[in-house]
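Visitor: Structure provided below as structure tokens; questions to follow.
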Amino acid sequence: MKKSGPCCRCPSLKPSRNTAQFYLLFLLIALYMLVGALVFSSLERPAELQAHRLWEKRSEDFAHKHGISLGELKSLLRHYEEARISGVRTEQGRALWDLPGAFYFVGTVVSTIGFGVSAPSTVAGKILLVFYGLLGCSASILFFNLFLERVITLLTNILLRCRRNGPAAQVQEKRDGPAEGNKPLKPSIYQLSLILFVVVMLVACAAASLYSAMEGWTYLESLYFCFVAFSTVGFGDLVSGQRAQHGETRAYQVANCLLMLLGVCCMYSLFNSIAVIIKQALSWLLGTLERLYNTIGDCRRQLRPLFKFCIPESNTCYCDDKSPNKKHTIAVYSSDHGTYGKAHIVTISNRNMT
């Protein structure tokens, strides 16, 4: 007997789990950015308006005091903004493009920090930066990944050694033999994230103490700088090692570069581990939504017979095949003989339908 089934099979529009995670993460990031924009706007906008009013008043007072027009003063300030790109400062600072300054610049490029305190001003320098950064940033990302692998290997060896030397492991080894103590043991993503967070905080606190002493910043400003630098955000409002006396302090320059490298590696590893946790949370959220959807579907299927006796249904299946000999089976529900929901099977062809 030929099996009866649906005459048309439409492709499923349900996205895969990875695609659903991508869309959900996009929506959550957009919502996160919107909330962040609202919060930062409410915090920083009043200070911005106050700074603008203060600057306009100072500019007008300066122009009136020295007998120059406000337009000439603003023209001079625009020229100064252009000169800042080449390293011109109102106060004497460290040279930007000597060998140590250029080394600091390329360090901010390959680590993707990009403070913006120095940037190429020549056409040749800008063209070179495109290709130099392409290779340097790729190599740095590979180095960060290898650093994370070394951290995981180190933690695995530490956990395995603690497991072997523990009292419970010694009892197990005596009972089951030494082979049981050689099982591979890897830290969970939560343990790894916690350890990396502690390491990042230790490095940031130690670096903040150094920056607070050498740069004249408060400790809170130094911690803020450490996060901005280690996370490779690099706003450029605070930049280390730019004072004139820092050019003669070679030990501080070396320590600054090493702290930057160590901080970026640890923060990058922490970001990767947190990303894995976020992905697990997205999977749990999608699973919860799917179970909720299935529960609602089951409730609808259970309640559907209650409405069948009140509302007649008509289920018709249409196929895309336009051949004149193609036959269709239609199940029509009618109310003949005073009974609702009695099905009549009707078979028609495309020729009859036209």
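Note that Cβ sites are derived from N, Cα and C of the backbone, with glycine treated the same way.
From TrEMBL, for reference:
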TRANSMEM  22-43  transmembrane segment
DOMAIN    91-151  domain 'Potassium channel'
TRANSMEM  102-121  transmembrane segment
TRANSMEM  127-148  transmembrane segment
TRANSMEM  192-211  transmembrane segment
DOMAIN    199-278  domain 'Potassium channel'
TRANSMEM  217-239  transmembrane segment
TRANSMEM  251-271  transmembrane segment
Visitor: Residues sitting near the transmembrane segment (102-121): Cβ under 8 Å, six or more positions beyond its termini, same chain?
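Guide: Residues 85-87, 96, 128-129, 132-133, 136-137, 139-140, 229, 232-236, 239, 241-242, 253, 257, 260-261, 264.
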Visitor: Mean pLDDT across the domain 'Potassium channel' (91-151), rounded to an integer, is what?
Guide: 87
Visitor: Do you know the DSSP helix, strand and coil residue counts for the domain 'Potassium channel' (199-278)?
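Guide: Across the domain 'Potassium channel' (199-278), the residues distribute as 63 helix, 1 strand, 16 coil.
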